[in-house]
Amino acid sequence: MTEDSRTILLIGSGPIQIGQAAEFDYSGAQACRALQEEGARVVLVNSNPATIMTDPEMADAVYIEPIEPDAIAEVIEQEDPDGVIAGLGGQTGLNVTAALAEQGVLDEHDVDVMGTPLDTIYATEDRDLFRQRMADLGQPVPASTTIALGDDETATDIDEGALRERVDDAVEAVGGLPVIARTTYTLGGSGSGVVHDFEALVDRVRTGLRLSRNAEVLVTESITGWVELEYEVMRDAGDSCIIVCNMENIDPMGIHTGESTVVTPSQIIPDDGHQEMRNAAVAVIRELGIQGGCNIQFAWRDDGTPGGEYRVVEVNPRVSRSSALASKATGYPIARVTAKVALGKRLHEIDNEITGQTTAAFEPAIDYVVTKVPRWPNDKFPEVDFELSTAMKSTGEAMAIGRTFEESLLKALRSSEYDPSVDWATVSDDELAADYLQRPSPDRPYAVFEAFERGFTVGDVNDHTGFREWYLQRFQNVAAASAAASEGDVATPAALGYTNSAVAALASDGGDVAVDDVAATAPERTFKQVDTCAGEFAASTPYYYSARSQGSTGSDVRADRDAHSVVIVGGGPIRIGQGVEFDYCTVHAVRALREAGIDAHVVNNNPETVSTDYDTSDGLFFEPITAEEVADVVEATNADGVMVQFGGQTSVDVGAPLEAELERRGLDCEIMGTDVDAMDLAEDRDRFNRLLDERDISQPDGGSATSVAGALELAAEVGYPVLVRPSYVLGGRAMEIVHDDDELRRYVEEAVRVSPEKPVLVDEFLADAVELDVDAVSDGEDVLVGGVMEHIESAGVHSGDSACVIPPRGLGDDILARVREVTTEIARALDTVGLLNVQLAVQDGEVYVLEANPRSSRTVPFVSKATGVPIAKLAAKVMAGESLADLDASEGVPEQYSVKEVVLPFDRLPGSDPRLGPEMKSTGEVMGTASDPGMAYWKAQVAASNAPVPGSTAVVDLLVEGLGERFEVVTVKDVPAAIRRGEVEFLVSDDRDALTAAVEAEIPYVSTVAAAEAMREGIAAADGAREAMPVADRPVNDETWG
């Protein structure tokens, strides 16, 4: 068989969720390009419509289908692939490939597993097998033993005495408590943790046996407190191996690496220790027979010997979150090389695209420091304990590059956009030590700064945190620089990594200091190139980071300063309310500009995304998204304009201060598209309400209040219940439905702390209304409606958490015509140039406008996949000066139904409330498409792992006609207890305790009447044909909406 004739199946990772985020969109998109470069025909299957990799042009055939064996088997039947690459779709891709092999599907259709063999995957995921292989190799591993279910046992009916006896034996085998319990074949440390007492360990093992695909839990000796390191290794079929980089966690062992601040290259490991672990990493990857990228985790401690002591903790035989970080940190494209190695290419045969002179066989060398910090959703879940452990809770991460660790750390913290919201003045020294230093949490880095400002010593902080002294000395340097600023020394903190505006604010504590004064004396910010070789070869790829520390003079930026160029601001780290959808929009904007002959430069700091790939744009600037730093990029590139519409709230929020900063510097550069003031008008409820009133556009009664009394007065006028929320937020943060004065008073005084600078919005709650989302593009005159979506959930559930269907099912032509009319009026009233999202509600035949956002929305990718209309690309082109008429753009109404369903993180956040409401909680989404709306909904539930088995036992507490006929409905006194005993397999209820039990037991559930009615329709269609069809082949009518 020749290479050109091969058809390769690439399995994606599915929806964004905690433990598996956008890194697999990046790696999958890179792999698609790499395989096609080698002449392979690529078939891609993924369930996530928000990704670049599911664009129809990314592969020869793109299927948006559930990532589960039956759906993949149907695609295999249709496409007849020669091979499948499992290691590029995360844990989801590995698990489904293993299932297809076990079911005989791969053998039946002669599909080879390419790259890393399945036996190797089993050897790394099965902890006993892994321990034995390491022992054979002579590599030290933590003492461990496996607790497994017997042949006739299940996790719900295992004898309690037998379980306790096995746990007791396991504790004795590894040397006593504390221990680490790890669940096999799971994601992001799910079901894992450090356990200090026996009863907690029994509970953890019971949970782990239920979560594990092969019903096993590994109990290991605790190496908490050791240094955690990761080595990214690459190997080809010819046994050539290289180390891409090593990464060091600042947080000690006991905290998941996805939760830790991570630094590369390693700063504290002695060279002898590094060489020992480097040699071990190569020996391990060779012993296991891994081909392609691989991540090996070590624990290390200083035992007084030159090299210290290490343990091999685990191996990920696939591309991972750390692989994405390593790729962006070094410029070495791990996913691209992995894909080519899977085809049989040797490392020396694969070009290094950054240098253009070397190959993938050359190990990267870096002359800078990279720091990654996670981003947690603790603002969305105040009821959840965010103490960090071996199980992930973070949704995303930010990365920064600097010449020193201090500079890199400050840039990373700035990029994370995290506000600890701690009033340190109210925290005593004892509380600081016990609650913020000893207890690992998202606030801990900031607590370390605070401790040093109070005079804590390095030894004090080391005792409380376990952070190594080398790092603490650098934290202390940052704290000292902050103190120096207040005494008039502005050069030191600026050189260390503070922005001019931050230095001015610090210095103003000792007097009035202007940003111009700081800029005049602070070191200039210059741009350096990421080249994979520490300057040994000239780099041809424009991938940059800024530095302003000593020795950072001279800029490496090689932009054509005479060319028409634009800076596009990305979305930063993934968080709830601002997910990979905005990176999709950013990448489409880049592609649109490049198609138009305009240089496109991206400013972003998320290592997981396609927008931060080195060859996506004409210039990649890995920087925090602040007005000052974006303006520096504008100066370096001589850009004509900046686009802030595509990166979500992060990029929109920087628009006004950036406009002021550009004007302050006298730069001839504009914010392109919709005017910044129009964006503000749409977010300012009073101004927006007046705009709608002037045009006789219906809206819920209400307004904004700047005091408790004002809020109570508004609620009295509108009538309870009312919807309350702060202004200028994304994802419904702090939004609630309140029913009386007491609830409103509590909300205003405690939840948002209303003030004249922070008004609260009080609106009539439209109960039982049908909510709609509209995405549109305007060129300032004409308006193209990209799609109209009908929410499946009733009013009161945030649009980002509601399933929705396109085209709408229950709207008459008159309603659609009014929706179009209202959308067009708003677009023109706001002088919209670019994207516009309008959220509406229909009640008793009246169309009400809830809000409008003249920027990208989270539904843009879904609409584009459903209709085939590339609305983000169209928006970028009209922002660059083209008209919709010039572009010959047209609308399209799909013949099939597409349902977007959300994925919720409750299983990863113990203590969270699983009930849906006006505050957004979902992390990602899936899509189901079929000619029958019921089947589309059912496919979406399968993709979201929330599809019940018809005929299974169910508790139905919500009144939904006909749903119970599909199940064996049981009536129990204590529903949560029955669920935990395994007596309930599907739950229909809005009771928090019952829903929490369903989440813990991982059984399907619905919590609203609307979702239950949709599920009834889905189950009725479940036995029908799945209709797997490539995205590009889905039929669309050349019609207009309304």
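Note: Cβ is positioned from N, Cα and C throughout, glycine not excepted.
Features reported for this protein in Swiss-Prot:
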BINDING   ARG127, ARG182, GLY188, GLY189, GLU221, ILE223, GLU228, GLY254, ILE255, HIS256, GLN297, GLU314  ATP 1 binding site
BINDING   GLN297, GLU314  Mg(2+) 1 binding site
BINDING   GLN297, GLU314  Mn(2+) 1 binding site
BINDING   GLU314, ASN316  Mg(2+) 2 binding site
BINDING   GLU314, ASN316  Mn(2+) 2 binding site
BINDING   ARG725, GLU764, LEU766, GLU771, GLY796, VAL797, HIS798, SER799, GLN839, GLU851  ATP 2 binding site
BINDING   GLN839, GLU851  Mg(2+) 3 binding site
BINDING   GLN839, GLU851  Mn(2+) 3 binding site
BINDING   GLU851, ASN853  Mn(2+) 4 binding site
BINDING   GLU851, ASN853  Mg(2+) 4 binding site
DOMAIN    131-343  domain 'ATP-grasp 1'
DOMAIN    689-880  domain 'ATP-grasp 2'
DOMAIN    947-1042  domain 'MGS-like'
REGION    1-417  region 'Carboxyphosphate synthetic domain'
REGION    418-558  region 'Oligomerization domain'
REGION    559-947  region 'Carbamoyl phosphate synthetic domain'
REGION    948-1042  region 'Allosteric domain'
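Structural mapping of features recorded in Swiss-Prot.
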residue: ARG127; record: ATP 1 binding site; Cβ neighbours (10 Å): 21
residue: GLU221; record: ATP 1 binding site; Cβ neighbours (10 Å): 18
residue: GLU228; record: ATP 1 binding site; Cβ neighbours (10 Å): 23
residue: ILE255; record: ATP 1 binding site; Cβ neighbours (10 Å): 25
residue: GLU314; record: Mg(2+) 1 binding site; Cβ neighbours (10 Å): 18
residue: ASN316; record: Mg(2+) 2 binding site; Cβ neighbours (10 Å): 24
residue: ARG725; record: ATP 2 binding site; Cβ neighbours (10 Å): 21
residue: GLY796; record: ATP 2 binding site; Cβ neighbours (10 Å): 19
residue: GLN839; record: ATP 2 binding site; Cβ neighbours (10 Å): 19
residue: GLU851; record: Mg(2+) 3 binding site; Cβ neighbours (10 Å): 17
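Among the binding-site residues listed (ARG725, LEU766, GLY796, HIS798), HIS798 has its Cα nearest to the Cα of GLN297 (ATP 1 binding site). Cα-Cα distance from HIS798 (ATP 2 binding site) to ASN853 (Mn(2+) 4 binding site): 15 Å (rounded to the nearest whole number).
Geometry remark: GLN839 (ATP 2 binding site) versus GLU851 (Mg(2+) 3 binding site), CA distance 5 Å.
Counting only the Cα atoms, the space from ASN316 (Mg(2+) 2 binding site) to GLU228 (ATP 1 binding site) is about 15 angstrom.
Annotation: no binding-site residues among GLU221, ILE255, GLU851 have CA atoms within 10 angstroms of the CA of GLU314 (Mg(2+) 1 binding site).
Ranking the binding-site residues GLU221, GLU228, ILE255, GLU851 by the distance of their Cα atoms from the Cα of GLY796 (ATP 2 binding site) places GLU851 first. Here GLU851 (Mg(2+) 3 binding site) is positioned 13 angstrom away from ARG725 (ATP 2 binding site), judged by their C-alpha atoms. Using CA atoms as reference points, the binding-site residues LEU766, GLU851, ASN853 were checked against GLU228 (ATP 1 binding site), and the closest is ASN853. Sorting the domain 'MGS-like' (947-1042) by DSSP state (H, G, I as helix; E, B as strand; all else coil) yields 36 helix, 13 strand, 47 coil.
Long-range Cβ contacts of ASN853 (Mn(2+) 4 binding site) within its own chain (separation 6+, distance under 8 Å): ALA682, GLU683, LEU836, ASN837, VAL838. Across the region 'Oligomerization domain' (418-558), DSSP helix (H, G, I), strand (E, B) and coil residues number 72 helix, 10 strand, 59 coil. Taking every pair among ARG725, GLU764, LEU766, GLU771, GLY796, VAL797, HIS798, SER799, GLN839, GLU851, the residues listed as contacting ATP 2, the largest Cα to Cα separation comes to 18 Å.
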